[in-house]
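Trainee: Have a look at this one before I ask anything.
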Amino acid sequence: MRPLAIASAVLSFASAAVCVEKGNLTKPLTSKLILPSTFKPAQNFRNANLVHTINLEKSYPKESINVVIENVASTPQDDDTQFYRIHLPTPLAPKAQQTLGISFYYLSALNPLPAAIAQADKQYLVYTFSAYWQSSYDTLKQKTEVKFPSTTVPEYTIVPGSKGSPESPQKQGSKFTYGSYGEVPAGAVEPVKVRYEFTKPLIHVSELERDIEVSHWGGNIAFEERYIMTNRAANLSKQFSRVEWASQTYYNPPSTAVRELRFPLRVGSLEPYFTDVIGNVSTSRFRSNRREANLEIKPRYPVFGGWNYPFRVGWNADLKKYLRKLSGGEGYVLNVPFLEGPKQPEGIEYEHIELRVILPEGAENVQYSTTVPLVSASTSLHRTFMDTTGRTALTLTAINIVDDLRDRELIVTYDYPLLAGFRKPLVMFVTFLSLFAAAWGIGSLDVKIKSRRS
Amino acid sequence: MAETVAEPFLKGNTGRNTRGILRLSILVLIAAAAIASRLFSVILDPWFNFRATKYLVSNGFYDFWDWFDDRTWHPLGRVTGGTLYPGLMVTSGAIYHALRALTIPVDIRNICVLLAPAFSGLTAFATYLFTNEMTTSPSAGLLAAAFMGIAPGYISRSVAGSYDNEAIAIFLLVFTFYLWIKAVKLGSVMWGALCALFYGYMVSAWGGYVFITNLIPLHVFVLVCMGRYSPRLYVSYCTWYALGTLASMQIPFVGFLPIRSSEHMSALGVFGLLQLVGFVEFVRSGVPSKQFGTLLRGLVLLVFGLSLGGLVLLTVSGVIAPWTGRFYSLWDTSYAKIHIPIIASVSEHQPTAWPAYFFDLNLLIWLFPAGVYLCFQKLADEQVFVVVYSILASYFSGVMVRLMLTLTPIVCVAAAMAVSSLLDTYLSLKSPDPADSAIEAGSNGTPAPSKKAAKQDGLRSMRQPLVGIYSTFSKMSVVSALTAYLLIFVLHCTWVTSNAYSSPSVVLASRMPDGSQHIIDDYREAYQWLRQNTAEDAKIMSWWDYGYQIGGMADRPTLVDNNTWNNTHIATVGKAMSSREEVSYPIMRQHEVDYVLVVFGGLLGYSGDDINKFLWMVRIAEGIWPDEVKERDFFTDRGEYRVDEGATETMKNSLMYKMSYYNYCTLFPPGQCQDRVRGVKLPDVGPTLNTVEEAFTSENWIIRIFKVKDLDNAGRDLASAASFDRGNKKKKTIKKRGPKVLRVE
C-alpha cells in the first residue's frame, strides 16, 4: 500500500482553506519533514463519517475524500499533524465537527495487466487500494466508492461481510461501493485490487518545460512548451504492424496508442509551431477563429505503450490580453495559465513541470501567486538577444500535476521602470555610434610606410 | 533636364561617392536577392556535418580534432577529426561563438541552415571583385555578381539547409582566384600571402581545392609558355606555393599529400620550372646571347632528363602515390563504370547531359563563349587566367554533373563581360560624332569602340574608324532584347530553384485534390521512431545513401554511410542485401546488426527506392565476391530486371526483395497487388521472412525497418523455427485427418 507520506499525492482543498489565501505567494508553502516510521500523531481527532471516492475514468486515479472530523480531545485543537498537515480555517472547538473535502491524484499508479498486448487487443489496468481509508485517527463510519470507466471489470477483490455489513462490493453500473463499515481503528488497511478495461493511452509527461516570454516592445507574449512524453500503456507483444494499423484507423476503434493531442489554446493565439528534435512536424492543424484556437498535433507515428515521443510546441499571443498596467506607478500584472497542455479525454499526468516566466530586462520586485502547489521558486537572470544585464526570469517548479489543474492561473506582478525599457535602444545607439566613430578614426589615420609625396 | 539636376551628384568627388554608394547598395541588394532566392524550403542536409558541428560546439576544437566516432562505419568506427575537411564546421562554430559573444543566442542549427545562403551573398561579392580585375567596365562586376547570385548551377548546392562543404567552398574558390589575380597583377607578396591564406582555408573546407592546386600552376605554365615570365609572376607564385602548401599540410586529412600525391605534382613541377626560368633569366642578363643559346639547350635537356628520371623512380618506389581511380575517371568517363561501381553509382558522378547546361546556366551558356572571346581582345595575364579556367572547367563539368559547380563562377564572369560590353556599347545615349570619336578613339574612348578598333587594325584606313551606334532604333532594339533575355533568365532561375533544387530529398510534397499541400514525411517519421524507441546503441544496416541521415536524425550507429571509403564494407552490406537469408543472417550477426532499414516506394510510386538501386548493391558486392553474387542471376533469361511473378529465383530470395515486399500484398484485395514504381502486378503470396521480423513501417511504406531476430532458444536454425511456428497447426491437422478415404458403403 502506498503510504500517504510520499509526496506523490497532490492535495487540494475543497473547502476554501486558509492555505489558499496565504497562497503560494512569492514563497512556496512546501516543507517536507522526514518522520520516523513509528511516528503517530496525537489522537485528538476522530473521523465521524467518511466517504472515499476513487475515480478510475482517466489515465490516473483521482481520489477524493469527504470527511467529517470531530475534536475528541478536551482542549481546542487547531491543527492536525498528518502526513499532510491540514490547517483548519478556524480552531475547532471540543465536540465540534468540521467537514473536509480532500482530493488528490496518484501518478503512475495504474499498471496494465497483461503488460504486453497485441496491437488491436483491449487493455486492462490494475489498481490497488484500501477499502478502509488510511487515516491516523479512528473512523466511525465510512465507505469507499470506485467509479470505473466502463462496466467491464473482469476481476476485483471481494471483501466478505462482517458485523452486519453486507458483502462488498455492491455494484451499481460502473460504480462499485465497498462498505459502509463501522468503527475502524487508526491505520487499518483492507487491500483491494481491481482489474478493469481501459483501452486508452496512459500519457505520462516526465518533464515539461514551459517558457513564457514577455516582450513589452513587441507587445507579444511567447509560449513554448517542451514535453518528454511516454505512453505508459501496455507494450506491444509483437512488432508494430502497419497493415493492421492502416486498416484499423479506418474504423477508429479505441486504442492504447496516442494518435493525436489537442491543445485548446486561449483565443487569439497565433503562429503555432510543432517541432521535434529532427525538425518541423508537418502533421499539425491549427484552427483559429473568434471563439476558439485549437491546435491539433499528431505525433510522427502512433505512440504505443512503452514508446516515447518528445516534442516541442509554441505559439504567440497579443500581450494586451495577458498584461495590465497597474494604475499609478510602474507596476504590471501578468495573468497567464499555469498549464496549457493538451486536453485529452483520458487525461495526462505530469511528473515534473518547470515553468519559466521571462520578464523584460530590468523588471524588478517580482511577486507571484498561484493555486497550483509548487515545490520551488526562484528568480534568476536570463541572457538573450543583446541583453546587457539580462532579463528577469521567474522559475517555478511543480511536481506531480495532472491535467485537471490545467486552467489554474498564475499571476505575476512586477515593476518595470520606464528607463529600463529604453535601455536596449540606448545601448545599441551608443555601441553603433562608437563603432562608427572608431571606424572613422582608424580610417583617417595614415599608416603608410612610404614617404608622403605631395 | 533631369541630368542637370543630378549633375552635381555625378561629377567630381561627390560623383565618386554617389557611384560608390550606388554600387554598394546594388551589391547589398544582389546579396539579399541571392540569399532570398535560396529560402524556398529548408531541410538540413547532410546531417553528418551538422552532427559534427554540434560536436565541435559542445566539446571544443581539440576534442573535435581527436574525435573518434564509434557510431559510424560500425564495427570499424571513424577517426572523424582526421578524415574530414573541418573548414565548414569550424566556420559555423566561429560564427556561433561570435554571436554568443554579442549575446545573440542563435541555435547552432539555424547557423548551419543559413550558412550556405549567407556565403552565397559573399560569393556574389567575391565575383564582383574578381570581374572588376578582368575588365574596366564598371557594370561587368555588378552583372557578374547578380548572375552568380541567382545562377541555378550554384544554387543547386547552396540552398538554405544544404550544409555541405560546397556551401563555403565556392566563395573561397572565387575569392582565392581574385586574390591570385591581384597578386599576379601587382607582383605583391602581401596579396600572394593572402591568396595562400585563403587557399589554406579552402583546403580545410573542400576536397575540390585540388582544382585550385592545378589551375594556378596551369595559369603560370601557360604564361611562361607564352613568354610572359616576369618577376611579378615569380614573386606571386612562389609566395602562394610555399605558404599555401604549408597551410594545406596543416589539415590532418590532407597531411603529406601535397608532396606525395600525383594530383599535386603539377604545382610542385611549376614551382621548379619557375626557379629554372628565373635562373635562366638571371643568367641571360649576364651572359652574351650566343653562349646563352648553348647553355640553355644543355640546361633544358639536363633538367628534363633528371626530373623525368626522378619522377619515374619515385613513382616506382612508391613515394609518390600513383594515379588514383578517381583521377582516371576524370579522363575516361567509362572508367568508373567498369572498375569502380561505387563511384558510378552516385548520380552526381555521371557525365553531364547537354540539357543540364542550359538548365543550370540558361542564357549564360551562350554568352560564355562571347565573354571568353572578349578576353582575347585584350590578353593580359588575368585574361589568360579566364581562358585557362574556362577551358579546364568546361571539360570537367562535362565529365561529372557535380563539377558544374566549378564551371558556374567563370561562366558568370565571362557572360557578365559579354553583356556589359554589349550594354556599354548600346546604352550610351550619345551618338558618336565623327570628329568627336576620332579624338576619343585616339585617346581613351569608351571601351567597346576602342576594342572594335583594335580588332580590325588590319587595314590602315580602319585603324581609327568611326565605330559606334548611330541610330536610336538599333540601340533600343538591342537593349530591349537584352533586357528581355535578362528578365527571362531571372524567371528561369526562380523556376529552377523552386522546382528542382528546393525539394529536399527527405520530405516529399504533393498536392491534395483540393489544392492544399500534403507533405509526405516518412523518412523523418521512421528516423524519429528509431531514435525514440530503439536501444541507444542499436546498429542499423541500410544502404549507404541513408547512413548520414540515420546517424544524424535517428542518432543510431550505422554500418556504412555516405562517406564510407572502405569498399569492402559497402560490398558487405550489398552482399547481405542481395543474398539469400541463410547467407545474410551470419553476416548481420557478425556485424551486430539490430535493425535493417530499406526504402520502398512501391505503394506511393516513389522511384528513388532500394529496389531501383538494388543492381548497384549487386554490382558492388560482385566486385568483391564474384563467385557468390552475380549480377546475371538477377536478370531473367531474356535479360529483364523484373520484380513480379517472372522475377528470377535469386531475386525473389534476396533479402532486399523479401523485405521490400513483405506483407505488402495484404494491403490490396486479392489479385490487385501492384507495385506503382515498376508498374507491375505482384504475386498474391508475398515472401516470407525467417531471420528478420517487421518492426516498423512508415505511413506510406517508404521506410521499412526490420528487426534481426536473435538466435533461436531451442537451438534450431531460424528458418526451421519460423516454419515450425507457421506450419505448426497445419501439419497437425493434416496428420490428424489423415488421407481422405472415399466411402464406399
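We number each residue from 1, going along the chain as drawn.
Cβ coordinates are placed from backbone N, Cα and C, and glycine is handled just like the others.
Nobody curates TrEMBL annotations by hand; they come from automatic prediction.
It should be emphasised that the depicted structure is a prediction, and the values quoted were computed from it without experimental measurement.
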Trainee: From the ranges B:265-283, B:474-492, grab the one TrEMBL calls transmembrane segment.
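Mentor: Among B:265-283, B:474-492, the range TrEMBL annotates as transmembrane segment is B:265-283.
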Trainee: Give me the DSSP three-state residue breakdown of the domain 'STT3/PglB/AglB core' (B:539-589), ordered helix, strand, coil.
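Mentor: Tallied per class, the domain 'STT3/PglB/AglB core' (B:539-589) gives 32 helix, 4 strand, 15 coil.
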Trainee: Taking contact to mean three or more C-beta pairs under 8 angstroms, with sequence separation of 6 or more, is the transmembrane segment (B:206-226) in contact with the transmembrane segment (B:136-155)?
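Mentor: Counting Cβ pairs under 8 Å, fewer than 3, so no.
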Trainee: Can you see whether the transmembrane segment (B:21-44) and the transmembrane segment (B:136-155) are touching - at least 3 CB pairs under 8 angstroms, only pairs 6 or more apart in sequence?
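Mentor: Judged by the Cβ rule, the two regions touch, with the required three close pairs present.
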Trainee: Other than its close neighbours in sequence, what residues sit by the transmembrane segment (B:383-401), given a CB gap under 8 Å and a spacing of at least six beyond its ends?
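Mentor: Here the qualifying positions are 134, 177, 180-181, 184, 211, 214-215, 218-219, 222-223, 226, 228, 329-331, 333, 347-352, 356-357, 368, 371-372, 375-376, 407, 410-411, 413-414.
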Trainee: Can you find at least 3 Cβ pairs under 8 Å between the transmembrane segment (B:111-130) and the transmembrane segment (B:167-200), where each pair is 6 or more residues apart in sequence?
Mentor: yes
Trainee: How about the transmembrane segment (B:356-376) with the transmembrane segment (B:136-155) - do they touch, taking at least 3 C-beta pairs under 8 Å (6 or more apart in sequence) as contact?
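Mentor: These two segments touch.
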Trainee: May I ask for the residues of the chain that lie six or more residues beyond the transmembrane segment (B:238-259) and have a Cβ under 8 Å from a Cβ within it?
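Mentor: 65, 81-86, 180, 183, 189, 192-193, 195-197, 199-200, 203-204, 209, 213, 216, 267-268, 270-271, 274, 321.
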